[in-house]
Amino acid sequence: MTQNPPRPRIALLTTGGTIAMTAQGGRGGQLALDGAALSASVPGIETLAEIEVRPVLAKPSASFTLSDLGRIAAAAQEAAEMFDGVVITHGTDTLEETAFALALLTRAEAPIVMTSAMRRPDQLGADGPANLAAAIRVAASAKARGLGLLVVSDDEIHVGALVRKTHSFRPHAFSSAPFGPIGWVAEGRVRIALKPAFDLPHLAYPGGEPVVPIVEAGPGLEPKVVEALAPACDGLVVALPGAGHVAAAAVAPLAALAAERPVVFASRTGAGETLQNSYGFGGGEIELLAKGLIGAGPLDARKARVLLQLLLAEGAGVERVRAAFAGI
Ligand code: ASP
């Protein structure tokens, strides 16, 4: 008599999001599905894996705090040490921040895979069940081991440290541009075409909610905006045009803040990195660095904010923050 091979054991961590929401009367989408209902939405799920549901949070992701991200990371780390793989269901809105935080806070051989949905289960073309099935297959795959935090959406496999939400309502809402997905799922087969080659620092989250706003500048940034924010923030991220260029008038208040707390400047272009030694005009990156601001390098403002919040939560001072960004 032949025996079936044991099914992979997958922990399903639930945190909320559209994947678990249905329309409630005239009040729009509200959280309604627990982990058991989510599992039940995938026909034949029991043939893919043995699933253990572990509820972690139940809120829309725009309301997540840094403590919530720390809680998801701790639950994912624990599950990755006990199971063959981990799937985390999450709202799409701030999935990129949680994915980046988990890439910094977790280290595991077992795949940790985030997934989500753009359409509720009660909407035509609901994408949650297919995304969940694909995420379970990736989490159960030996090919996905040791690749770091992954995000599965619309049959694509993305590196969690690179992915961004780039559409507000279509099912194909995630992109790792200017790179791309590192793999895909086709007819249930998991393909990995590329492996990430970068290292991120491994951080711990001891608790705390450092206040780090993001200010995006265009042509012009009023000094009074920076001055008004300064007393309220533990650090600041400014998303700047081009390679990191701000209105000359904003340099003085930014420099004053940078003398006390970390001020990180990122490029708002969505690709490339902040430069260090190309532009010498007032407000150019050479002046910003000379005045003590810290370049985000290849990180966009949202990822830079997550890194800065986690470093501040660890108690890092300006020089440790500078070294951490320089090491990215
Ligand atoms: N409101 C949802 C969230 O929690 C949106 C989504 O999941 O797409 O992010």
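Cβ atoms here come from the backbone N, Cα and C positions, even for glycine.
Any TrEMBL annotation is an automated prediction that lacks curation.
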Using only what TrEMBL says about substrate binding by Thr92, Asp93, identify which of Ser61, Ser63, Ser141 is listed for that site too. Ser61
Spatial separation of Thr18 (active site, O-isoaspartyl threonine intermediate) from Ser61 (substrate binding site) - C-alpha basis, Å: 9
Suppose the substrate site is Ser61, Thr92, Asp93. Which further residues of the same chain have a Cβ inside 8 angstroms of that site's Cβ centroid? Gly17, Thr18, Pro60, Ala62, His90, Gly91, Thr94, Leu95, Ser116, Lys165
Using a 10 Å radius around its CB, how many other CB atoms surround Ser61 (substrate binding site)? 22
What three-state secondary structure does DSSP assign to Ser61 (substrate binding site)? helix
